[in-house]
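Asks: Dumping what Swiss-Prot says about this protein:
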- 2-22: transmembrane segment (TRANSMEM)
- 70-90: transmembrane segment (TRANSMEM)
- 100-120: transmembrane segment (TRANSMEM)
- 136-156: transmembrane segment (TRANSMEM)
- 171-191: transmembrane segment (TRANSMEM)
- 231-251: transmembrane segment (TRANSMEM)
- 253-273: transmembrane segment (TRANSMEM)
- 293-313: transmembrane segment (TRANSMEM)
Amino acid sequence: MFFINILTLLVPILIAMAFLTLVERKILGYMQLRKGPNIVGPYGILQPFADAMKLFMKEPMRPLTTSMSLFIIAPTLSLTLALSLWVPLPMPHPLINLNLGILFILATSSLSVYSILWSGWASNSKYSLFGALRAVAQTISYEVTMAIILLSVLLMNGSYSLQTLITTQEHMWLLLPAWPMAMMWFISTLAETNRAPFDLTEGESELVSGFNVEYAAGPFALFFMAEYTNIILMNALTTIIFLGPLYYINLPELYSTNFMMEALLLSSTFLWIRASYPRFRYDQLMHLLWKNFLPLTLALCMWHISLPIFTAGVPPYM
């Protein structure tokens, strides 16, 4: 029974990830005044499945000098971590109701750094190693602000469980009282998922394709799937934390519909940003975090810590 539960969680995620690639190509196409994919199936709707068949039927080539085991483990680990992050998300009921759901997400997302580092090192190519080092530095740096923002949210939520965020946001989205943090969180999720304008890991002019430059066929598809699964996950997490969907006990389907619509809108914003903005310079990316975001998030975190202490003597109002 538990296996069926896992399948009912993972299969829709993989289908959503497949169609996100199509939506991205369509949005980029229309923003550049062209059609995008429109040959395979009606309106190009079968394009993701055609791409998947092509990638998984190709022979997985690899350079002779690669470290075989790490070369194969890295993409597998990447997708496994991307899918396991969905376990504690309330939609409205999580697969496993973890008391420390937010900590689980933080810990698991920071493990994804290893798959990037291993893939860059195992490829035995200087381009992929440079791309991997860039990605690791960027991911670790932006995780610092994300952790501090999550800490501030926990103080408002009063629990490490993601489930209680539904109750916390019954009357008002946390986006309204904590909008500066929501803005910084959204930009940090862009950097965390290595999306434009922070896609410095795959700067074509200097790094060819980044840490996955030596990958082809199946292993490359696994990296690709992990990236898009992470995009949907980050937007789902943003929805749960800052845009708590409506929840009626008698009508849980309404929560799921609301949740999906908000996550879809945020994912579309990711694609819109990709079509609109040029890539950052690497030093600007790091300055944005260490000189702007970090002091701001620390100050806001101190504010959220001190607020309950200051208002401890004030009677609650109904």
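For all residues, glycine too, the Cβ spot is worked out from N, Cα and C.
Predicted, not measured: the structure shown is a model, and the values here were computed from it.
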Asks: Please give the sequence-distant neighbours of the transmembrane segment (231-251): residues at least 6 beyond its ends with Cβ less than 8 Å from one of its Cβ atoms.
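Replies: Same-chain residues near the transmembrane segment (231-251) but 6 or more away: 13, 16-17, 20, 82, 85-86, 89-92, 105, 150, 153, 162, 165-166, 168-170, 173-175, 178, 182, 185-186, 189, 192-193, 195, 258-259, 262-263, 266-267, 270.
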Asks: Are there residues at least six beyond either end of the transmembrane segment (171-191) with Cβ under 8 Å to its Cβ atoms? List them, or say none.
Replies: 138-139, 141-142, 145-146, 149, 152-153, 156, 165, 197-198, 234-235, 237-238, 241-244, 266, 270, 273, 285, 288-289, 293, 296-297, 300
